[in-house]
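Trainee: The structure follows.
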Amino acid sequence: MQGLAQTTMAVVPGGAPPSENSVIKSQMWNKNKEKFLKGEPKVLGAIQVMIAFINFSLGIIIILNRVSERFMSVLLLAPFWGSIMFIFSGSLSIAAGVKPTKAMIISSLSVNTISSVLAVAASIIGVISVISGVFRQFRSQPAIASLDVLMTILNMLEFCIAVSVSAFGCKASCCNSSEVLVVLPSNSAVTVTAPPMILQPLPPSECQGKNVPENLYRNQPGEIV
């Protein structure tokens, strides 16, 4: 996603009780929650819900003016199915920001990913709708045609918000492969001291023995074998 993930290393004694291990895991999860909360999910979720209601209202206004057959976005009901998904994803983003449990963050990540895909589809439909009616609608119904342009812009903004929430949710729940848990053995290391070894001289090699007197390796008088 964004840059390289930072490596987090935790050292756990091998004989540590389960309570200490759970505390360490809890601390690591708290760091992940901080990553998610840095993305301001409550604020972004509120903006998602607001965009959804605006798009829904604009779609109704265009339909009530009886010119909906001229707008491709309204014919395909993009303001309605897109708005429903935006409300759902925005509500989950707010809930995950209030109670950032792992299940809530993963749910927010999944729904915002789907919402971003639908936002792309709605944006493409909106662009085609605006381009196809740039000569007809803007001359006959400039105010209504401007609403279609506004819906397209809001769909693009919704895409950016959904991708942002998904990115921070992924950093908190998925991208944790760089975290390393090091377990140390509980038993202390035992140092064993080996007895000293007596080094004896090596006999000369065969080629060196030719130049050595024969009685060099014989026992001298008074020596003990």
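Each Cβ is built from the backbone N, Cα and C atoms, and glycine gets one as well.
Pulled from Swiss-Prot, these are the listed features:
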- 1-42: topological domain 'Cytoplasmic' (TOPO_DOM)
- 43-63: transmembrane segment (TRANSMEM)
- 64-73: topological domain 'Extracellular' (TOPO_DOM)
- 74-94: transmembrane segment (TRANSMEM)
- 95-113: topological domain 'Cytoplasmic' (TOPO_DOM)
- 114-134: transmembrane segment (TRANSMEM)
- 135-148: topological domain 'Extracellular' (TOPO_DOM)
- 149-169: transmembrane segment (TRANSMEM)
- 170-225: topological domain 'Cytoplasmic' (TOPO_DOM)
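Let's see these features in context: how buried, what's close, how far.
Mentor: Taking Cβ pairs closer than 8 Å, the transmembrane segment (43-63) reaches residues 71, 73-74, 77-80, 82-87, 89-97, 115, 144, 147-148, 150-151, 154-155, 157-158, 161-162, 164-165 in its own chain, all 6 or more past its ends.
Taking the topological domain 'Extracellular' (64-73) as a whole, pLDDT averages 71 in the prediction.
Listed as Cβ neighbours of the transmembrane segment (114-134) (distance under 8 Å, sequence separation of 6 or more from its ends, same chain) are residues 48, 70-74, 76, 78-79, 81-82, 85-86, 88-89, 145, 148-149, 151-152, 155-156, 158-159, 162-163, 166.
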Trainee: Six or more residues out from either end of the topological domain 'Cytoplasmic' (95-113), which same-chain residues have a Cβ under 8 Å from its Cβ atoms?
Mentor: 29, 33, 36-37, 40-42, 45, 85, 88-89, 162-163, 165-166, 169-170, 172-174
